[in-house]
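Here's what TrEMBL has on this protein:
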DISULFID  CYS89-CYS106  disulfide bond
DISULFID  CYS105-CYS169  disulfide bond
BINDING   HIS168, HIS189, HIS198  Cu cation A binding site
DOMAIN    189-206  domain 'Tyrosinase copper-binding'
BINDING   HIS320, HIS324, HIS354  Cu cation B binding site
DOMAIN    347-358  domain 'Tyrosinase copper-binding'
Amino acid sequence: MTSGLRIAALCTLLVCASAVVAYTVLLLSVSVSPCAYSMSRTLLAVTGLDSYIVSCADEASTVELLSSDGGRAKTTATGGPIVTDLLLCGKPNLPPNAFPVNLQCCPPMPASEPVNFKLPDPSEPLRTRRPAHVAGAEYMAKYERAIALMKALPRSDPRSFYQQANIHCAYCTGAYRQVGHPELAVQVHYSWLFFPFHRAYVYFFERIAGKLLGDPGFALPFWSWDVPEGMRMPMAFVNSSSPLYDPLRNTRHAPPKLVDLDFMGAEKNYTDEQQIIHNLRIMYKQMISSAPLASLFLGQPFRAGDSDKPGPGSVEMYPHNTLHVWSGDISRPNTEDMGDNYSAGRDPLFYAHHANVDRIWEAWRHINNNTFHVDFKDPDWLNSSFLFYDEEARLVRITVHDILDIEKLRYAYHGVSLPWLNARPPTTPNVNVKKGNTSPRFIRFPVSLNVAQTIEVRRPHMLRNKPKKRIQGEVLVVEHIVSDGTNIVKFDVFVNAREYEKVKPSGREMAGSFVCLKHNDMDGSLIGKGLNSTMRIALDEILEDLGANEDDSVIVTLVPRHGNVRIGGIKIDYIIGE
Ligand code: C2O
């Protein structure tokens, strides 16, 4: 083909593509100064040139394609729900030094086909989960007994503690492959599967415990790390002769040490009072500022045929991930047990942690000042399904749709106040970048994040001026976050902070952190690349608080904190309602 013909063909392709794509994120340009390339992102994608390169196409040439809150655009022609199949469970990808070395974490094969989940009888007693710090000795003793009974079952029993712990391993190490796409992994983290999978997991775990105890009303304790009184490891887990004890924990974090929701290895020298304020502000950010919409709170769509880990929701990254790392034994290469996905289920603390994560999902839905706090309606999400053994040791297929109403699942949460609702972070004095005050360096993406990088990202005012109603949120998108998965990754994202060092992790200018546990290669096609994900941070509230609503651009600083990571690009998108 002559180059003229090639361009003509490309343009035809482009026109067709824009016509048929039903929705996508906006193809908006980013301003890095000076422009790296003048080709539009679409053209780069079609030409096969490095699409990581941030383009500087002018706004007039960008294509406006709308998305309701389905998160990112569909990237594959396939789609459909993620479905798990026991026959597609195989060898896990474990990190080096995992133990036992030959760990296989698939569940035992059932005697017959899985049955479809049925809701419990509405006359069953409501299991009211109580916060571990106030549940009382008797309540905690029941959990202790349940764990002892589970540990006493033979390892071949799918209800044994051993098998229960392995469930987590199988769903997060690439042991399960996707039905119809065996080259791709099923992964329940870093996507919209995170909350529903863990809800179902904890649901069956609790019912098995109740069955073993002969107590149909048995409810799990939850570790309410989001309220000041719950910000310590619950005492019941600390007694070394208890079945709730796990020797593979960070010994420095035994009570009375307060949790640090931003933890990444280094201890902060905060007083308890400071730590509490810091934690509450982090909760506010992750639950309110950064989670105005389902895709930002629950995580990005993950459909059949997609590579796993498209992008986590706010709370999954932290405090969920950071608390895993905070709890695990930091002197071990993989921060076992809690600090790595393959081993996390071995610590009885895991189930109390996840009961709280589940409660947080309920809390998010009920924060009533935001009408957008509603779950996805996407059939690919609702029909995604997982397999669990129930209390009768029957293999059950449960869909996301099945687990959306906890009352129908016959459990509830004992009320805990939500003190973080009022903990809107303050701005940091004297760090706000004012126009002309800063000259971000020229950055060519992809960039290895070895040192802090500051980038000016242009806001597409063309859309900002549209009637407010249709715009549901403005998001900063950090794309193609790539690492080999051999280390825990954390980097922080600051907005309009001239001296980010002065900003506390709970300060307003700290827009969010990307936090990812280790992930060995999940996906045969990504050898040596354990992670290829995206981070999205809602900007609306931050820009409002920083008085930057009318600015044309946002100054973003990415600061590496742990692990090696490469960043493909940065842009600003709008999420548009229907
Ligand atoms: Cu499946 Cu707390 O992680």
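Glycine residues also receive a Cβ, built from the backbone N, Cα and C atoms like all the rest.
Predicted, not measured: the structure shown is a model, and the values here were computed from it.
Secondary structure of the domain 'Tyrosinase copper-binding' (189-206), assigned with DSSP and counted as helix (H, G, I), strand (E, B) and coil, comes to 13 helix, 0 strand, 5 coil. For the Cu cation B site, the Cβ centre of HIS320, HIS324, HIS354 serves as reference, and the other residues of the chain with Cβ at most 8 Å from it are HIS198, GLU316, ASN321, LEU323, MET338, ALA344, PHE350, HIS353, VAL357.
Closest to CYS106 (disulfide bond) in space, going by CA atoms and restricting to the recorded positions CYS169, HIS189, HIS198, HIS320, HIS324, is CYS169.
Apart from the site residues HIS168, HIS189, HIS198, the chain places the Cβ of TYR171, CYS172, VAL188, PHE194, PHE197, TYR201, ASN341, ALA344, HIS354 no farther than 8 Å from the centroid of the site's Cβ atoms, the recorded Cu cation A location. Separation of the C-alpha atoms of HIS354 (Cu cation B binding site) and CYS169 (disulfide bond): 15 Å, rounded to the nearest whole number.
Residue environment of HIS168 (Cu cation A binding site) contains 23 other Cβ atoms, counted within 10 Å of its Cβ in all protein chains.
The 10 Å shell around the Cβ of HIS354 (Cu cation B binding site) contains 24 further Cβ atoms across the protein chains shown. The secondary structure of HIS168 (Cu cation A binding site), as reduced to three states from DSSP, is helical.
Within the same chain, residues 129, 132, 143, 147, 168, 195, 198-199, 201-202, 205-206, 220-226, 233-234, 237, 243-246, 248-249, 315, 320, 323-324, 327, 337-338 sit at least 6 positions outside the domain 'Tyrosinase copper-binding' (347-358) and bring their C-beta atoms closer than 8 Å to a C-beta of that stretch. Recorded residues CYS169 (disulfide bond) and HIS189 (Cu cation A binding site) have their alpha carbons 12 Å apart, per Cα-Cα distance.
In the three-state DSSP scheme, CYS105 (disulfide bond) is classed as coil.
The shortest Cα-Cα distance between HIS198 (Cu cation A binding site) and any of the recorded positions CYS89, CYS105, HIS320 is the one to HIS320. When the recorded positions CYS89, CYS105, HIS320, HIS324 are screened for a Cα within 10 A of the Cα of HIS168 (Cu cation A binding site), the ones that qualify are CYS105. Taking the Cβ of HIS320 (Cu cation B binding site) as centre and 10 Å as the limit, one finds 26 other Cβ atoms among all the protein chains shown. Looking only at the domain 'Tyrosinase copper-binding' (347-358), the predicted model's pLDDT averages out at 98. Comparing CA positions across the recorded positions CYS89, CYS105, HIS189, the one lying closest to HIS324 (Cu cation B binding site) turns out to be HIS189.
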